[in-house]
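S.K.: Here's a structure for you.
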Amino acid sequence: MNRIHAVILDWAGTTVDFGSFAPTQIFVEAFRQAFDVEITLAEARVPMGLGKWQHIEALGKLPAVDARWQAKFGRAMSAADIDAIYAAFMPLQIAKVVDFSSPIAGVIDTIATLRAEGIKIGSCSGYPRAVMERLVPAAAGHGYCPDHWVATDDLAAGGRPGPWMALQNVIALGIDAVAHCVKVDDAAPGISEGLNAGMWTVGLAVSGNEFGATWDAYQTMSKEDVAVRREHAASKLYAAGAHYVVDSLADLPGVIAHINARLAQGERP
């Protein structure tokens, strides 16, 4: 059948952890713990979607963070420094990720709708396996259990923005064509991952990292503030090449219906 056979879903900010707060807060704590260097939550969000070692490396290259680092140590951040921050990050993230394992509103119903249509549920994450081994069973306890998952350090080729985690899902799920897959993510590296894998891509503008609000804050936010944040997030996701941008995973079934119509007309990603 010339239709969508699988979706490949990100985790934090896409299916669990509205606003993607688990990783961002831990980066701030890890920099402070390892080197007594302060970074802001906004800075911690900038490279979101990359593997966590690569995320720390990218943070060290942000001009403001690099300036603070140079002022304190008289040199740029080194690979050994990144290793030290990562060593601080990992136990903090492993300990706290279960506190951010609840599915985002609409996720459970959306997964049920997709499965009723015969669509398989793949997933991948910028989290390493040690973190995913805590997160996956915790999310399952809340009712979210994808058919497959891949961690950022599982594959020798690497993680995002490369296509490998998405393609590993294709193999594991037995999907016959990447054009029959949709990659869904709330951050630009995950959109690039899907494009590099030859898939349709859907960005999430409200539930994730770029919007950057807790569920409670979002619920009490003015329509004007929501619109401004949504536009900011959507512009970044479209700039990354997303075929579609919607608010959250709850909007995905409608997008898939649209993609199926395009596939039936012979279109490809």
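Think of each number as a place in line: the chain as shown, counted from 1.
Glycine is no exception: its Cβ is also placed from the backbone N, Cα and C atoms.
So Swiss-Prot says this about it:
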type     : residues       : note
ACT_SITE : D10            : active site, nucleophile
ACT_SITE : K52            : active site, schiff-base intermediate with substrate
BINDING  : D10, A12, D186 : Mg(2+) binding site
S.K.: Measuring Cα to Cα, how many Å separate A12 (Mg(2+) binding site) from K52 (active site, schiff-base intermediate with substrate)?
M.R.: 13
S.K.: D10, D186: which of these recorded positions has the sparsest Cβ neighbourhood within 10 Å?
M.R.: D10
S.K.: Within 8 Å of the Cβ centroid of the Mg(2+) site residues D10, A12, D186, which other residues of the same chain have their Cβ?
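M.R.: For the Mg(2+) site the neighbour list reads W11, G13, T14, T15, D17, S20, M48, G49, S125, D185, A187, G190, L204, S207, G208, N209.
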S.K.: Express the distance between the Cα positions of K52 (active site, schiff-base intermediate with substrate) and D186 (Mg(2+) binding site) as a whole number of Å.
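M.R.: Cα of K52 (active site, schiff-base intermediate with substrate) to Cα of D186 (Mg(2+) binding site) measures 16 Å after rounding.
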S.K.: Please work out which residue of A12, K52 has the most C-beta neighbours within 10 angstroms of its C-beta, and give that one of the recorded positions.
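M.R.: Per the Cβ count, the most surrounded site is A12.
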S.K.: Please report how many Å separate the Cα atom of D10 (active site, nucleophile) from that of D186 (Mg(2+) binding site), as a whole number.
M.R.: 8
S.K.: Which three-state DSSP class does the residue listed as 'active site, schiff-base intermediate with substrate' fall into?
M.R.: helix
S.K.: Name the secondary structure element type, per DSSP in three states, that contains A12 (Mg(2+) binding site).
M.R.: strand
